[in-house]
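> Sharing a structure with you now.
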Amino acid sequence: MKSFFNMGHLPKILMVSLCFLNIVSAQQESKPKLVVGIVVDQMRAEYLYRFQDNYTEGGFKRLMGKGFNVKNMHYNYVPTTTGAGHSSVYTGTTPANHGIVNNNWYSRAESRTVYCAEDMEVSLVDDPASMDPNKKENYSRSPKNLMANTITDELKLSTNGRSKVVGVSLKDRSAIFPSGHMADHAFWYHSGNGNFISSSYYGEQLPDWLIAFNKRKLSDSLMNLTWAPFLPMERYQNSNPDDSPFEKIYKGNKKSTFPYNLKKLRKQNGDFAMLTEVPFGNTIVTEMAMATIDGEGLGKGKDMDFLALSYSSTDYVGHYFGIRSKELEDTYVRLDRELARLLVHLDKTVGKGNYLVFLTADHAASDHPGFLEQKGLPGSSYDPEQMGQKLNEYLSKESGIENGVLFIDNTQVYLAPEIRANTELLKKAALYLQNLDSVKEVFVPALHEWNLMNSTIGEFVRNAYNSKNSGDILLHSFPGWMDQRDYGTTHGTAYTTDTHVPMLWYGWGVKQGLSIAPHTITQIAPTLSMLLDIPLPDASDRRPIGEIFE
């Protein structure tokens, strides 16, 4: 029998085998052409499952079914808010280090309340035809207040600036902080005219492709639609009845039920601002994301690029209608289709297997106390403004100092210098707050009395305490308590209702699987560092999500 194997062919076979191994090795060591970070504002982890029967195979199910699902991802600080959340995802650290302790805080240096992304040294950049020179200062934005660098900054540094980094969102802070200090662009929605705009921090003019995008007037077209259920109403089985209490009633409507005729309602409800409050706000963000990929040529260069994308309308719908409303379920049904559109666009422009996607949230959200009461569950509400007034009166009686409370919100109290410097008055103020019905724990950093430092809440408060930006007294409510509101919901506590968020990985370098081990939001940045072989951000957590690499 003739042998098909000839020893003379061995060198050729070995050479071919070595070439094949080298090709495989090169493929394994290559990097994605594009990383897309997606933050869904106010998304609870359970929405992946509560609404899944109405999801398509191309959106959330594609990410879960073909990607890696970190099911037990949590925030590890308090308060859990948008500015802090986006900053923590991308810096890999908590507000104690990155400084974004809330969306707003009291600046002792400037004796006023400041906005997290404000920067009065830069100005609005919009389509010249839409510019109002008298209002530039209202839109001055940059990452100036972010005290730590980001994974996107590290990407820019690692490629000597060749990688492109762009942030896109309806909210300015949600585009600015993720894209970092070195971003090429950050674009956000102008609720006054429906354009996507930017800041002179990134350049003095909008790119031509964005001017062309704004001229399409998509925001105007979307605001002339009617918001009706995307699917037949009987498909929405995992939310409250459409006509439920604790939901916002728009001006011009008599109740909070479908359909919402936006063309009729827009003028009475903020006009272009109303787009952020309905699912079509997510639609325009998807359109903007695809235009950014095409206009900037993301994923087309020799070096890896990064698109930091944030969907914000989910947050507005949650705030206005609550976490169990028909409106919220419909918003996620529609967002699922938006994600599917985005993934198809990435398949076509960057190529399957050439991009890496991760999806998470900047915080979750809680039930309205009124709903909890109806169900016989613990919870109630309080008024932070009234709390501040009462504390002011108390301190005035104890010390004779008027206006001792400079600023108060639902987690922090900023006090006048003469009270801050007086240990006894600080203790009295803390004890007064501790005795309020809503307050579970009080922390006074200046007294080094963190109370239950070893408790979860104590740890979370410490993780967010920044000596420059945080309050003099930090407080935390009991479970189910929320600042007073007539409708919708909010967030900000250290309880799982506000900390538990989705964490999905998909695409380049990601195997299918899941983890139920507890992880923290600060592990996203180091995971990216390990996957992409770039340095960790300077203040980052050092622990990646190890299961992804197993």
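Quick reminder: no glycine exception, Cβ is built from N, Cα and C everywhere.
Heads up, here are the entries from TrEMBL:
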type     : residues                       : note
ACT_SITE : Thr82                          : active site, phosphothreonine intermediate
BINDING  : Asn103, Lys171, Asp172, Arg173 : substrate binding site
> Based on the record's binding annotation for substrate (Asn103, Lys171, Asp172, Arg173), what whole-number value in Å is the widest Cα to Cα distance?
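Binding-site diameter by Cα atoms for substrate: 11 Å.
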> Just the number: how many Å between the Cα atoms of Thr82 (active site, phosphothreonine intermediate) and Asp172 (substrate binding site)?
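For Thr82 (active site, phosphothreonine intermediate) versus Asp172 (substrate binding site), the Cα atoms are 11 Å apart.
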> To test your reading of the substrate site: which residues beyond Asn103, Lys171, Asp172, Arg173, same chain only, put their Cβ within 8 Å of the Cβ centroid of those residues?
Thr82, Gly83, His86, Tyr115, Cys116, Ala117, Ser169, Ser174, Ile176, Trp188
> Would you find the one among the recorded positions Thr82, Asn103 whose Cβ has the most company, meaning other Cβ atoms within 10 Å?
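The most densely surrounded of these recorded positions is Thr82.
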> Comparing the binding-site residues Lys171, Arg173, which residue's C-beta has the most other C-beta atoms within 10 angstroms in this structure?
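The residue with the most neighbouring Cβ atoms within 10 Å is Arg173.
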> Through the lens of DSSP with three states only, how would you label Arg173 (substrate binding site)?
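The three-state answer is helix.
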> Once the chains shown are all counted, how many other Cβ atoms turn up within 10 Å of the Cβ of Asp172 (substrate binding site)?
26
